[in-house]
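Summarising the annotation, TrEMBL assigns transmembrane segment to A:12-30, A:42-62, A:68-90, A:102-121, A:147-168, A:189-216, A:222-240, A:247-266, A:278-297.
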Amino acid sequence: MTTFLQICVDAASLGSLYALAALGVGLLWGVMKLVNFAHGEFITIGAYALIVPSGAVIPQLFIGALPIWLMVPTMCLIVAVVALITERIIFRPLRHADPSTLLVASFSLSFFLQYLILLIYGGRPKSIQIGASLNGEFAFGPLRTSWIDIVTISTTIVLLIAVALFMTRTRMGVQMRAATQDFRMARMLGVRGNTVIATAFAVSGVLAAVVSFFLMVRTGALAPRMAAPLVTIGFIATVIGGMGSMVGAILGGFLVGVVSAFMQFILPEAMRPNRDAFVFAIVILMLLVRPNGLISLRSQKERV
Amino acid sequence: MTFTTLELRSITVRFDGVVALKDVSFVLESGRIFGLIGPNGAGKTTLVNVISGFQKPSEGEILLDGAVISDRAAHTIARLGVARTFQAVRLFRDFTVHANLHAYGVGCGLSSRAARERADAILAWLGLSHMAEWRADGLSYGDERRIGIGRALAAGPKFILLDEPAAGMNEEECDELMRLIRDIPGRFGCSVLLIEHNMRVVMNVCDRIAVIDFGRKIAEGTPAAVSADPAVRAAYLGEEVA
């Protein structure tokens, strides 16, 4: 029983990170049919913003030296601004391009940002330590867990509720959901396309910054391609959740987290390094069974 | 009730040399129901597209209360209070019926609460309150079209352009539609431009009618005057209402 609970905590904690990554990706797919590969670089930039730009392996903390209550909002602000700049310069002029053009543009942006980071910070992996107090372990009855797991899970829950309230209760959120359903019709109905898409980018940036904070507290490892695996999982989560559905993206993220955590436990010791092969085999199976994802939206299907 | 006018001044629209509208002018007055009729291909839908900003006129201008709106984007015109329906209604299919109306109100600048109350009132008026929480997918054709009218009213427009609302409706549904259209100016303080094929509907609800044929306005006047006009009878009515 204790082992099971232990796995559940791991699953929820990992699933939280995946869900946040998936929501960041899913939001932009929803409003503008953009598969944003550069979301990974948004996360990376959030992490690199913590240090003073230099090539040193043990870098000096910059924003990372601030107290957490100031550090996290600053990270969010920086990544949101980067996201807004990419929207303005790259994705707004391509608004009416087809999804494959957007896809290639986001790929290019992703590489551009990676090499920009390489140029400024050098290619050697770096290691930093922030939020050390969060890495402390504590026992809850027989259950042993670290604060960061609890903080990750609870912050994610709060963020998801906040996004849900934003989407259903605020005027901007209602317009964003309408744009997700049918962008052209939403514009015809008075929705300001530019504002809605810019807001989606900003929210996506904030979600990326939160992910980079958790990642940095957990691993502290910085590398130009550090977020690539996480964002790949984010994409997979949006697909198995059902493209265009934000609830689906979140569910998909948690699902991949749960499968990973349980695989870690079920697989024999020798096979654990190959865990992801099993995780993705399950993903393929799921897609064979439900090709439209867990939540299949009618608005995303072709009209006849 | 504030007095607003929508004026078309010498509107001409050309598509690659084809003249869809030629020098069309008329004035819509507040609180009136203005009908626009003409045979297929006369340019009726082009005219709706021009007024609502989906198509820029090649020449001429459109004024709302004296201010030019024909150079504005479609979503701005919607926000300024000129709403329209579409022949293909295209509701947001993953939204409820109520949310479809609510989204339009919010999109055009109403507060979330004002939009919600307005959506409630409109659904009650349409007799569709029981459908408020239904998903706007798989609705019957007639219901979908009525919701389309309700959606156009959801932002509190000054003018509503109804693009062939009676298309595909049977006699009974047409009667209900006429009742609704007649009700719009008094209830919502909103003038109506009705583009319609169905003569019975047009003649029964409109205060004033303009007739276009081959992109030109050939007559304008009261229903009685228009239906007596020899040019109209020759061009159009002669074939349908003998």
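Yeah, the Cβs are placed from backbone N, Cα and C, and that goes for glycine too.
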Mind pulling out the one from A:12-30, A:68-90, A:147-168, A:222-240, A:278-297 with the most Cβ pairs under 8 angstroms to the transmembrane segment (A:189-216)?
A:68-90
Give the one range among A:12-30, A:42-62, A:68-90, A:278-297 whose Cβ atoms make the most pairs under 8 Å with those of the transmembrane segment (A:222-240).
A:12-30
Please figure out which one of A:12-30, A:42-62, A:68-90, A:278-297 racks up the most CB pairs under 8 Å against the transmembrane segment (A:147-168).
A:12-30
